[in-house]
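Read through the structure below, which is laid out as structure tokens, and then see the notes.
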Amino acid sequence: MTDRPFRRLSPLTPVVRGFIVVVAAGTTVLRDVTRGDLGPAAVLLGMLLVGGGVFGIASWYRTKFWIEADELRVDTGVISRQSRRIRIDRLQGIDIVQPFVARLFGLAELRMDVAGGHAREGSLAFLPLGEARELKDLLLTHRDEVRARTAPPEARLAVEGPAPTAEGATPTPQSAPVAAVPAPPGPERVLARVDLGTLMLSTLLSVETIVLVVLGTGLLAVFVASGEWLGASAVAPLLAGLGVVLFKRVSGNYGFTVSETPAGLQVRRGLFDLTAQTITVARIQGLVVTEPLLWRWLGWSRLDVSIAGYGDSSEDEGPAPSTVLPVGQRAAVAFLARHVLAGDEVAQATLHPAPRGARWAAPVGWRYMAAGATDRLVVSREGWLTRRTHAAPHARVQSVRVTQGPWQRRLGLADLHLDSPPGPTRVRARNRVAAETREWFDVEVRVSREARRRLGRPASPSVPPSP
Amino acid sequence: MNDLFAPPGNEWRPVSPQLGRMRRTVLAVLVAVAVVVSLTAGLVLGLLGWFGSLAALWLVLGAAGWVVIGRNARSWGYAERDEDLFIKHGALFRELVAVPYGRMQFVDITSGPVEQLYGVATVHLHTASASSNARIPGLPAAEAARLRDRLTQLGEAQAAGL
């Protein structure tokens, strides 16, 4: 091999990867060996263990990574060799994930998010936690250096997209003229934290839980009333299933902390599987504030963001990488929302409700549909049980659409959609008066064009000082 | 003319009438096959009454499709503006979309075997959003190539960050 200073993953990697096999084989084989007779199952498991072990060790041995000419190179493969090059200036974010087993060994996985890639293409699993953190900081610092020295801002705009605003849009006190100097891995400031009580209560109060509990109680009542005690036991798996789902949510969001670091927003969460995720504020395409029915009485809501390249993963209410705050008081959510949108205020938008005629198109929902805009944002709200407020900056709108179905045409209504990259954000003004929709469409086409231009001008002070 | 889908400038540029012809031909072939299969099955199984009505149903559906295709094919229109492309389509479910050139990630042209037979192609503009749905089918091949080149050129000139 060559003498380049490559690094290897943690030698414990094969153990973590095959932990289940190791444990199963270990216990079975050991028991049989001590008893002195090896059954066929034990032999099979033993062979699997040995084979897997050899492969795992070989795979670990052949996996090397190093930084070379602004690229992170990862060589892998036992039988067929692969060499992956990840351009450091293309790195969008780096997450540190600790699955439960890895955590037992103090290891972590480094996941790199690359611009243009749909999936997270680069992953280094597993590294000792300290080394993972150090490598993450190193890569992010290196990225900022590369970005600062290559390409003038305009060119970067064309190639890179999110990069240029990384300087302007993060309203960190110390990162105002950040362009040239890579921010040191400085202190982080905690913006919000979710305590266990709030998290558990909020999980219990979700709409699905209520529905399930009502259903379960109903069933139970029926069985008890009819004296069919055996039937009542049928409710047990339902409740057990519910318990598992709830527990997953709580454990996934356990110890949820959002803090501000020079590299972006950092989200940390997890009871068993620890996740630390860095979100570059400049990559945020829009946000959603979700308020389920029961939360509204407590003044709680959830904040999700759309991040370019992350895709749509937040539909299933579970712990998702798009969640910036799983539950919080309105004020806390508003504060984070303002932070995420670089100082823009969602609450400033005057939302215009859908016209009365819309009740024929959406008999219940029309009361809750509303949309409006500010100088910088387009905002829409809908939902009866679960209210969602979507907001996206004009400058981030990808395309503007008007749609109209046959029934809407009869009623003289139309929908206006402001398309965002895949993610939870979906700003749309549904069931508006047709003429007004077209007017708004034309205005939005113009406004978003101007907003894009402002964004494109490198030196523009597009961000007001954060309050 | 519906105000909601009025052209931004003077007129919508229509797509090739070949689009409607192509789709109608495909439909006719499918219906013919379905009818023949149904009737054959009826003859073989001796249930000509049932399968005969099935064949009649195909014909009725085919006729409805014929009308729908005609209306849909005529509905397509696009307009190239200085900084964005407008596309409108749909007869029953109508849509109007404005795609800024600066938002385009890439443009591709597809032309399947049947489309090639009719000398048409589909130009598809991809933005970072999956829902943009900016697609123009039934463009004459030369026009499709011209449009792609122009869009690519403008897209590069006006590219904006995400």
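Each residue, glycine too, has its Cβ placed from N, Cα and C.
Because TrEMBL annotations are produced automatically, they should be read as predictions rather than curated entries.
Listed in TrEMBL:
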COMPBIAS  A:160-181  compositional bias 'Low complexity'
DOMAIN    A:60-138  domain 'YdbS-like PH'
DOMAIN    A:257-312  domain 'YdbS-like PH'
DOMAIN    A:373-432  domain 'YdbS-like PH'
REGION    A:151-182  region 'Disordered'
TRANSMEM  A:12-30  transmembrane segment
TRANSMEM  A:42-61  transmembrane segment
TRANSMEM  A:199-223  transmembrane segment
TRANSMEM  A:229-247  transmembrane segment
Chain residues outside the transmembrane segment (A:199-223) and at least six past its termini with a C-beta under 8 angstroms from it: 229, 231-232, 234-235, 238-239, 242, 246, 249-250, 253-254, 256, 292-295, 298, 300, 317, 326-327, 385-386
DSSP-assigned states of the domain 'YdbS-like PH' (A:257-312) in counts, ordered helix, strand, coil: 9 helix, 34 strand, 13 coil
Residues in the domain 'YdbS-like PH' (A:373-432) grouped by DSSP into helix, strand and remaining coil: 9 helix, 34 strand, 17 coil
